[in-house]
Amino acid sequence: MQQPKNFKRLLQALAKQGLDVTYNDRTYSVRLKDSSEFDRQDACPTNTSAKTAEILLPEGFPVEAKALKQLANLAQIRHPAGGFVCKCCATPDFHPGDAGVAIGSIVQTEGMVIPAAVGSDINCGMRLHVADLSLEKFLQKRDRFVQLMKGDYFFGTRDVAMTAKTSRALFQYGIPGWLDAMLDAPTGSIVKSNLHQLADEIDRVYLGGSMNGDWKWAPEELVPDTGIVRDGGLATIGGGNHFVEIQVVEEIEDKATAFVWGVRQGQLAFTIHSGSRNVGKYIGGMWRDRAQSAWPKHLKYPDYRLFPLSVTANPNLVREYLQAEATAANYGFINRLLLAELLRLRLREVYGDLAAPLVYDLPHNITLFEGNRWVIRKGACPAHPQQPVIIPGSMGTTSYLLIGKGNSEFLSSASHGAGRVRSRFDLNREGADKSEEALGLTGVDCITLREERRIEEAPAAYKPIQPVIDVQIAAGLVGVVARLKPVLTFKA
DNA sequence: ATGTGC
């Protein structure tokens with residue numbers, strides 16, 4: 001396989017930063033500089049962090065030096081009390097992140113967690129439903145449906161109010177405990193009419209949609225002592241690459257698996273990509289700062305400024321961080337559930353009673369304990385054997401439902417999308433070609449209140465999905481179950 | 001990612 005386009009230039013840029021990169025059979029290997037100042041500051045005993053980080057990349061696409069540098073930084077994080085990185089790797093939607101951690105990075109640690117590696121967008125993830133409705137019938141009443149959804153997603157026309165008790169249960173327990181608490185929800189609250197189906201679908205949510213949270217970490221105004229909570233952030237899509245998309249199941253590749261998962265050719269489908277909104281921002285930001293404050297006072301900050309929390313040095317802080325992260329994760333699971341429920345209710349309202357079951361819901365921005373170690377995925381899906389994996393293309397291209405293969409070389413993970421190739425700034429700047437053709441928007445039905453969102457998130461902003469999927473199949477990360485074609489996309 | 005900022 002040939003080397004990527006900008007390989008030589010990349011080597012030069014990275015050599016200046018003390019990084020050595022090789023390319024072999026679909027995979028980059030970033031070798032880190034051997035000695036750092038850090039080594040001399042403190043006896044970091046027997047354990048040292050990873051010396052290499054592997055990246056799976058689609059053939060013929062450039063990769064940014066900034067992203068490689070960020071991955072190298074992540075790989076060499078360690079804590080003087082003994083925490084270290086066991087393994088670090090990246091998926092083919094790899095690109096630089098704003099907060100110092102590249103999207104598509106996966107890091108396995110021992111003895112430490114890294115709040116900054118998860119970042120603000122805690123439990124960002126993907127949720128897929130199928131619906132027993134043909135594309136033809138859907139399009140007949142498309143305008144009415146879109147009008148109703150715009151109200152729900154952009155203007156909050158549906159009541160998602162909760163009692164104080166229910167709000168606390170949401171943060172504390174995630175989906176199951178929250179559904180229990182919903183039994184006494186105010187009348188008119190949207191999930192009340194469908195509690196049984198939502199309970200039946202819990203086993204199709206990663207971790208059962210439940211982590212060990214504590215409402216004490218939630219923003220104060222969302223966990224009052226008594227009264228009704230009206231949270232303007234809940235059941236909203238959010239910005240950036242988040243979306244809700246109506247799709248059609250275009251083609252089944254793995255018939256047996258699709259049958260078991262309840263997916264059939266010609267069905268309508270909808271995919272939700274969203275996370276924990278402001279709650280994750282609040283908790284992620286708080287803990288990034290707390291991890292920095294907990295860094296040993298007598299040591300200089302490491303130059304990458306990504307601070308781990310050590311199990312040996314600060315066991316309580318590690319426990320509390322994981323609980324705080326879980327609190328935001330619970331909110332993320334329920335946000336996606338509500339976005340889907342709003343859509344399912346409107347489908348039934350417009351097209352009559354129809355089945356629209358959940359296929360799967362999985363996070364791609366989260367710390368998970370797997371095989372006795374922490375695995376932190378930043379824009380990467382878990383892809384364990386037999387597990388459903390959802391990888392969306394841009395709003396103009398195919399999305400994929402896949403089955404995980406549990407490739408340990410890539411820490412049982414897969415990409416969470418195609419990966420951005422052009423920055424928002426680049427696409428929006430003066431003088432840029434903003435024609436439909438140049439942006440790949442021809443024939444794309446994008447519902448948004450903001451024109452700049454269509455431009456920032458246009459198909460031209462992303463890699464084509466096909467090579468991104470192909471390289472992951474070739475490397476044994478996933479197998480294709482079904483292809484989903486976009487029909488229309490909601491972007492906030 | 002974020003009622004944002006190159």
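Any Cβ shown, glycine's included, is placed from N, Cα and C.
Bear in mind that the values here come from a model prediction, so they are computed numbers and not experimental data.
Features reported for this protein in TrEMBL:
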{"type": "ACT_SITE", "residues": "A:H416", "note": "active site, GMP-histidine intermediate"}
{"type": "BINDING", "residues": "A:D121, A:H242", "note": "Mn(2+) 1 binding site"}
{"type": "BINDING", "residues": "A:241-245, A:364-365, A:392-395, A:S399, A:416-419, A:K491", "note": "GMP binding site"}
{"type": "BINDING", "residues": "A:H273, A:H364", "note": "Mn(2+) 2 binding site"}
Integer Å distance between the CA atoms belonging to A:N241 (GMP binding site) and the residue listed as 'active site, GMP-histidine intermediate': 11
Pairwise CA distance, A:S394 (GMP binding site) versus A:H242 (Mn(2+) 1 binding site), rounded so that it is a whole Å: 11
Using Cα positions only, nearest of the binding-site residues to A:N365 (GMP binding site) (A:D121, A:H242, A:H273): A:D121
Of the binding-site residues listed as A:D121, A:N241, A:H242, A:V244, A:G419, the one whose CA lies nearest the CA of A:H364 (Mn(2+) 2 binding site): A:D121
Cβ contacts of A:H273 (Mn(2+) 2 binding site) (under 8 Å, same chain, 6 or more positions away): A:C124, A:G125, A:M126, A:N241, A:H242, A:F243, A:V244, A:E245, A:P392
Same chain, 6+ residues apart, C-beta under 8 Å of the C-beta of A:G419 (GMP binding site), given in sequence order: A:P92, A:D93, A:F94, A:H95, A:I103, A:G104, A:Y462, A:K463, A:V468
DSSP-derived structure type at A:H273 (Mn(2+) 2 binding site), helix or strand or else coil: strand
Cβ neighbour count (within 10 Å, all chains shown) around A:H242 (Mn(2+) 1 binding site): 20
In the chain carrying A:D121 (Mn(2+) 1 binding site), residues 6 or more apart in sequence that have Cβ under 8 angstroms from it: A:G275, A:S276, A:G280, A:K281, A:G284, A:N365
Cβ neighbour count within 10 Å of A:V244 (GMP binding site): 25
